[in-house]
Amino acid sequence: MDPLSWGRGWYAIQSFSGSFIQYLIEARDKPPDELVWPLRLLLILLGYSTVAVPAALLICYVRRNRHAFETPYFSFRQLLRSFAVGNPEYQLIPTGEKQTSVRKEADLIPQTRAECTSAILTLLGCFGGIQLTLVAMGYLQEQIITGGYRRADRLDVEEKFGETQFLIFCNRILALVLSFLIIAKDWTKQPPHVPPLYVHSYTSFSNTISSWCQYEALKYVSFPTQTICKASKVVVTMLMGRLVRGQKYSWFDYGCGCTIAFGASLFLLSSSSKGAGSTITYTSFSGMILMAGYLLFDAFTLNWQKALFDTKPKVSKYQMMFGVNFFSAIFCAVSLIEQGTLWSSLRFGAVHIGFTRDVFLLSLSGAFGQIFIYWTIERFGPIVFAVIMTIRQMLSIVLSTIQFGHELNFWAAVGFSIVFLAIFVDIHKKYSDKKRVPQRSCFKLLTQYVEQSKQSYLKIVSTKTHRNLTPPLSSTTT
């Protein structure tokens, strides 16, 4: 290619990039509703890149010079090493016994009646804690967004607050402080954090993008599509577990997951025929892309957290909570500062009565909700948590029906029964397989013992027979 063609191509690239950058600068000053969702997502990713790119360069530098950051005492260099490299010297040496994913899942099934009772009580406690905290969060968030707050200097003036990202930022800050206090109190009981600290940024990023896709999809997706997609979270979580953690599931497990998704969809569609919460009567291609992004990023979040919990020694739930909220707070702060809404939100809280109290209660309920969520994922895994969220959505409709005197139709009752029947069958099969494993092992050992005894007896008999048939040697020779 001649130099003139190279010059024209370079000029075209410069012109396009300059126009695109100018368009992005102008788009930042426009209201979010006037921008298409791919552009809004691009602006969010560009804002996050202002943190991610320098952090990636720092990680590469520390990894290349890791020996220069090794110190016997706690210092800033040691902190950078923990951030970029981790603490691999604390990693437990494998014993050579390969523990398959099927065995890991089987170990979660209790063997004795006492273990079964303890697991049931723990699961009910996690479910109740998640239910209470999420209900409190929903009530307080609706109160903050839809209700007005009186100004301290002018009591006759009420103003509304609409910056939801600031509420998320406050939630992350309070959860960060709470997890830090718990870790500091029980510092000696916390396991050493083997993975690098930056791995928690993956959870934070995927959780943020998942929530954004969910809220954005409400503008393009009909209520039936929302319902079916949310009910299919169990199946998507299983598929993502195969990809992220190498978790193998049997066809029976996939069948139970699909059955739960079908029953939940049937129940939710039958009991909410009017589609409350969404005025969209059609589903566009953009809506399907956003719902797919919501399901994929949400499933990745759960399985990535479980992968960190499975490290040896495992990451504690409070360490997980601290790491995720640390990066989430940074992401939210950068986004708020770039949009210029951080200081305006702080000024709103300073001059309005009751706003700071409601934000604190909202953040407190969200922080305790995270403890129950991480406890569930650590103890029972991401699949159980996905099932809990599906059942929570169904039970909220049942309680609303009882409260307002509505009636559930026949198909809603059928869907409700299908979900709990699938869960019962799955638990019963896993419990039966768990009890059957020791019996097979004992029978196999007994068979091997009998076979070895038989071989030893035959060997002794053949030796004695051989000695009796052998003639004695003569003492003289002719």
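In case you wondered, yes, glycine gets a Cβ from its N, Cα and C as well.
Within the same chain, residues 24, 27-28, 35, 69, 80-81, 83-85, 196, 198, 201, 205, 212, 330-331, 334-335, 338 sit at least 6 positions outside the transmembrane segment (41-62) and bring their C-beta atoms closer than 8 Å to a C-beta of that stretch. The transmembrane segment feature in TrEMBL is assigned to 41-62 (among others).
According to TrEMBL, the feature transmembrane segment maps to 119-140 (among others). Residues 110, 358, 361-362, 365-366, 368-369, 371-373, 375-376, 379-380, 384, 388-389, 391-392, 395 of the same chain lie 6+ residues outside the transmembrane segment (119-140) yet bring a C-beta within less than 8 angstroms of a C-beta in it.
Remote same-chain residues near the transmembrane segment (166-184) are listed as 141, 144, 190, 318-319, 321-322, 325-326, 328-329, 332-333, 336, 341-342, 345, 359-360, 362-364, 366-367, 370 (criterion: CB distance under 8 Å, separation of at least six residues from the stretch ends). Sequence annotations record features per position, and here TrEMBL assigns transmembrane segment to 166-184 (among others).
Within the chain carrying the transmembrane segment (251-270), a Cβ under 8 angstroms from the stretch's Cβ atoms is held by residues 224, 227-228, 231-235, 238, 383, 387, 390, 393-394, 397, 408-409, 411-412, 414-419, 421-423, 425-426, 429, all 6 or more beyond its ends. The transmembrane segment annotation in TrEMBL covers 251-270 (among others).
Annotated transmembrane segment per TrEMBL: 276-297 (among others), in sequence order.
TrEMBL lists 318-339 (among others) with the feature transmembrane segment. Here the transmembrane segment (318-339) has long-range neighbours at 28, 44, 47-48, 50-51, 163, 165-166, 168-169, 172-173, 175-176, 178-180, 182-183, 190-191, 193, 197, 199-201, 203-205, 207-208, 305, 308-309, 345, 370-371, 374, 378, meaning same-chain residues at least 6 beyond its ends whose C-beta is under 8 angstroms from one of its own.
What TrEMBL lists as transmembrane segment is 359-377 (among others).
Sequence annotations record features per position, and here TrEMBL assigns transmembrane segment to 384-402 (among others).
Counting same-chain residues at least six beyond the ends of the transmembrane segment (408-427), those with a Cβ under 8 angstroms from any Cβ of the stretch are 252-253, 256, 259-260, 262-268, 270-271, 387, 390-391, 394, 398, 401. Taken from TrEMBL, the feature transmembrane segment covers 408-427 (among others).
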